[in-house]
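Single-structure report; data block below.
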Amino acid sequence: MPKKFIVANWKMHKTVREALAFLDEFIPIAKDLNDREIGIAPTFICIESVGKALINTSIKLCAQNAFYENKGAYTGEVSPLMLKDCGVKYVIIGHSERRKYFYENDDIINKKIHACIKEGLKVIFCIGETLEDRQNNKTMEILKTQIRNGLLEINSPEALTIAYEPVWAIGTGVVATEEQIKQSHLFIRNQLKEIYGERANEVRILYGGSVTPENIKPIMEIDNVEGVLVGGASLDPLKFARIVKY
């Protein structure tokens with residue numbers, strides 16, 4: 001059975017100095033947690049410095065995004081090849097903030113997933129419905145569309161982690177109910193089985209949406225929850241330590 005996977009998504013936070021100060025405090029607390037996997041996704045600016053600080057730990061270096069080409073005239077973009085060269089192991093693709101603010105659609109996300117896997121990187125593929133989708137009873141329809149389009153011709157389930165992040169629960173303090181999480185994760189698991197058969201069991205499904213030290217334990221006890229993607233609560237080393245030690 002795969003280890004539980006707890007990932008810090010720092011988003012657009014922390015200078016290099018702040019990132020290293022975080023790790024000075026966090027690493028001694030988390031270094032002996034060998035029964036679970038921990039990942040940290042800093043900004044691109046911090047990736048090299050954070051990667052060096054993590055070298056003698058089991059904590060995985062993650063990236064928050066990648067482009068779908070390895071080189072070229074794409075101003076401002078960072079390629080999977082560059083990330084791999086910096087020691088990145090996982091790349092977050094399709095986060096709701098990328099979809100919302102940068103207009104990433106399923107086609108772009110699918111191309112990014114292909115590009116990352118081609119370079120030997122593992123992907124944390126984010127999916128989730130908006131509040132309007134849920135109110136209109138379209139949650140499962142949206143999840144199915146995102147899964148089918150995002151994973152089109154992706155034949156490497158062992159390289160995939162799915163992060164279910166209901167958009168209405170991200171950074172709002174509102175957490176999906178146990179039943180909502182359970183239903184969505186079961187639906188995702190069944191969709192993966194339709195695509196990959198028994199190999200679907202190689203894919204971990206994470207929950208993301210206002211995860212805190214106070215709610216981590218009940219969330220992790222829900223069926224088909226194999227980890228969490230943590231935003232705001234991962235910015236404080238002591239709070240994130242409480243989450244990873246749940």
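The backbone N, Cα and C atoms fix where each Cβ goes, and this holds for glycine too.
Unlike curated records, TrEMBL annotations are generated automatically.
Counting every protein chain shown, the Cβ of Asn9 (substrate binding site) has 25 other Cβ atoms within 10 Å. The substrate binding site feature in TrEMBL is assigned to Asn9, Trp10, Lys11, Gly171, Ser210, Gly231, Gly232.
Sequence annotations record features per position, and here TrEMBL assigns active site, electrophile to His95. For His95 (active site, electrophile), the same-chain residues 6+ apart in sequence whose C-beta sits under 8 angstroms from its C-beta are Asn9, Gln64, Asn65, Cys126, Glu165. In the three-state DSSP scheme, His95 (active site, electrophile) is classed as coil.
Within 10 Å of the C-beta atom of Glu165 (active site, proton acceptor) sit 27 other C-beta atoms, taking all shown protein chains into account. The active site, proton acceptor annotation in TrEMBL covers Glu165.
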Problem set entry | Other residues, Cβ within 8 Å of Asn9, Trp10, Lys11, Gly171, Ser210, Gly231, Gly232 Cβ centroid (substrate site) | Ile170, Val230, Ala233, Ser234, Leu235
For this session: Translate the DSSP assignment of Gly231 (substrate binding site) into the three-state scheme.
Result: coil
Seminar exercise, completed: Across every protein chain in view, the count of C-beta atoms other than its own within 10 A of the C-beta of Gly232 (substrate binding site) is 17
Exercise. Taking each of the binding-site residues Gly171, Gly231 in turn and counting other Cβ atoms within 10 Å of its Cβ, which one has the fewest?
Worked result: Gly171
